[in-house]
Amino acid sequence: MSGVQDPRLIVALDFAAAEPAEALAARLDPAVCRLKVGKELFTRAGPALVERLQGRGFGVFLDLKYHDIPNTVAAACRAAAELGVWMVNVHALGGREMLAAAREALSGGDTPWLIAVTVLTSHDAASLEEIGLRGTPGEAALRLAGLVERAGLDGVVCSPAEAPEIRRQSGGRLLRVTPGVRPAGAAADDQARIATPAGAVAAGADYLVVGRPVTRAGDPAAAARAVAEEIGAA
Ligand SMILES: O=c1ccn([C@@H]2O[C@H](COP(=O)(O)O)[C@@H](O)[C@H]2O)c(=O)[nH]1
């Protein structure tokens, strides 16, 4: 399977406590997937859990989507780097100066990949209009990806639908990390812009974030393997 050296599947550990997250991690293989720790789990279980997951051999994407004044975001990015995570993110809507401060904080040496969320995959055209963001989700994501690229970040979080245009616009320089991934027939849940694992890879996603289709499966390890195999076959 391709991806054994650099797993492209990132399993989102959206749990309310450390115990179920670690129980799932114990059933997963760091050669098959990385793990994502987001707001809920980090707020409940903190840096110690991240360190234990890394101790099991997993690369960890710390998905806290920092969005604050530049000084605060830069300091948070440095704290994430000290934790030794594989990837960390900020929100592109924080703007040029905030993105530049994050980049400056994570420059040189052995720093995590620094990426920025463009337009959340839960947004559709109507909800974007409600918050006053100009254009379709695709147009807004492309515009924000341009801002992210000019600030020198390593990549973006986008929906699979936007990955081809972002790849074209950035000449392939920006990594594309795509949530909103659903195996065929799986419920979309609160995701508005989705694709199958094979569809996301075909669209140019470098890394795929998959949460509930794995964590809520009867056999999460088998579900993760199935997604990894679908990616490998894509
Ligand atoms: O635009 C975004 C940014 C982040 N996410 C996160 O990815 C996972 C997706 O989980 P599923 O259960 O597969 O829907 C979740 O942790 C989100 O916080 C996103 O979905 N969209």
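Yeah, the Cβs are placed from backbone N, Cα and C, and that goes for glycine too.
Here is what TrEMBL records for this protein:
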ACT_SITE  Lys65  active site, proton donor
BINDING   Asp14, Lys36, 63-72, Thr121, Arg182, Gln191, 211-212  substrate binding site
DOMAIN    8-227  domain 'Orotidine 5'-phosphate decarboxylase'
Checking proximity to ligand 1 here: which binding-site residues out of Asp14, His67, Gly211 have their Cβ closer than 6 Å to it?
Asp14, Gly211
Mean pLDDT, the domain 'Orotidine 5'-phosphate decarboxylase' (8-227)?
98
Can you give me the same-chain residues 6 or more apart in sequence from Pro70 (substrate binding site) with a CB-CB distance under 8 Å?
Gly94, Glu97, Met98, Ala100, Ala101, Ala102
For Pro70 (substrate binding site), name the DSSP secondary structure in the helix/strand/coil scheme.
helix
So if I draw a 10 Å sphere around the Cβ of Asp14 (substrate binding site), how many other Cβ atoms end up inside it?
17
Could you round the CA separation between Gly211 (substrate binding site) and Lys65 (active site, proton donor) to a whole angstrom and send it over?
17
Validating a neighbour-count step here. Other CB atoms within 10 A of the CB of Gly211 (substrate binding site): how many?
19
